[in-house]
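Asks: Let me give you the structure first, and then I'll get to my questions.
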Amino acid sequence: MVNWILLWQVDSTYEPDVHGTEPISTQLRAAVRKNQDVRWSNGATDSTTGLTYKGGGVPQSQSRDDPNPDPASSSTDGETYQVYVATALTAGGVERQAVPYWSWMPCLVCQKPRPPRCHHCTLCNRCVLKRDHHCFFGRNCVGFSNQRYFIYFLAWSAMLTGWGTYMLPPFVFRHVLPRYSYWDFVWPVNVARTVLGYLPVAYLHLASVSLGAMVLLIFSSFMLVAHLNLVLRGVTSFEFDAKVKVADTRPLASRLRGVLGENWGLSLLLPGFAWSPPLDDPVYWPY
C-alpha cells in the first residue's frame, strides 16, 4: 500500500529550472554531426539560451498531416532512430516532424524543449522524464522518479498473492468443495447459487478471494517479470513498443541500480525507504 501511494504521489515531471536545459555545446555538436539546423520549426524559443529550435533533414511528406504516423522511424543514414513529434497546429491538422530520438524534442503543449526519453502525457498533461507508461491503477505516469515504486509494488503484489494462493485454495478444496459442488468455485456460478440459497455467503467469500488471489498472482508476476526484463535491458515500455533500438553499455547491476537506487534491497524490504534514489541522470544519457 505504501508503494502504491508513492507511485501515485511521486511524479517525474520535467522542470527546466530543476533538471536543467540543453547546453549549447551539446546542441551544436548534434547539429554538426547530423548536418542539421540548430533550430526547430515550431518556433519555440528557449529563454535560457535565446535559441529557436528547428529540426532539419526531414521530408515534408513525412512530417505533415500523416493520419497514422509511426511512433518511431529509422533515419535515412541508418544510424539515428527518429520519432515523430507534433510541432505545430495547421488548418489541415497537426504538423508532425521526425527528430532524432536521442535529441532534445519540442513539446507543442508545454512550449519548451524536452530532453531525450522525455515524453508528454496527455492524461497527466505534463512532460514526464524517462516516461515508461501511464499507470491507470496508480493514477500517474510511471517515469524516472517513481518507476522504482512501481517495481516494488509489483514485487509485493506477487509475493502477497502468492502467499494467499498457497494458503487459501487448499483450504477451499479441503473444507468447502467436499460439501458442495466444484461449480461453487467458479464465478459467477457461485454467486447465483449464493443468491438462491444453496451456498453460504462465507464460502462464496472464500472461493472468490482464492480465485482472485490466483488471477492477481498470474497478472502481477507477469508484469513484474516483464518490467524487470525492460529494466535489465535498459529500455522503457515506450521504447520497446516503438522498437527504438537502445543499447545500454553498463553492466546489468548498474542498470538495476540506475532505476532502483544503490540500496534497492532495503527499499524492497522497507517500503518508503527514501535513501535510495535512482542513479540514472534523467536529462543526459552518456551510456
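Counting starts with 1 at the first residue shown.
Here the Cβ of each residue, glycine as well, is placed from N, Cα and C on the backbone.
As listed in TrEMBL for this protein:
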type: COMPBIAS; residues: 39-51; note: compositional bias 'Polar residues'
type: DOMAIN; residues: 107-240; note: domain 'Palmitoyltransferase DHHC'
type: REGION; residues: 39-77; note: region 'Disordered'
type: TRANSMEM; residues: 149-173; note: transmembrane segment
type: TRANSMEM; residues: 211-232; note: transmembrane segment
Asks: Should anything in the same chain at least six residues away from the transmembrane segment (211-232) have a Cβ under 8 Å from its Cβ atoms, list it; otherwise answer none.
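Replies: Sequence-distant neighbours of the transmembrane segment (211-232): 132, 147, 150-151, 154-155, 157-158, 161-162, 164-165, 168-169, 185, 187, 240, 252, 255-256, 259-260.
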Asks: What mean pLDDT does the predicted model reach across the domain 'Palmitoyltransferase DHHC' (107-240)?
Replies: 86
Asks: Report the DSSP secondary-structure composition of the domain 'Palmitoyltransferase DHHC' (107-240) as helix, strand and coil residue counts.
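Replies: Counts, helix then strand then coil: 81 helix, 16 strand, 37 coil.
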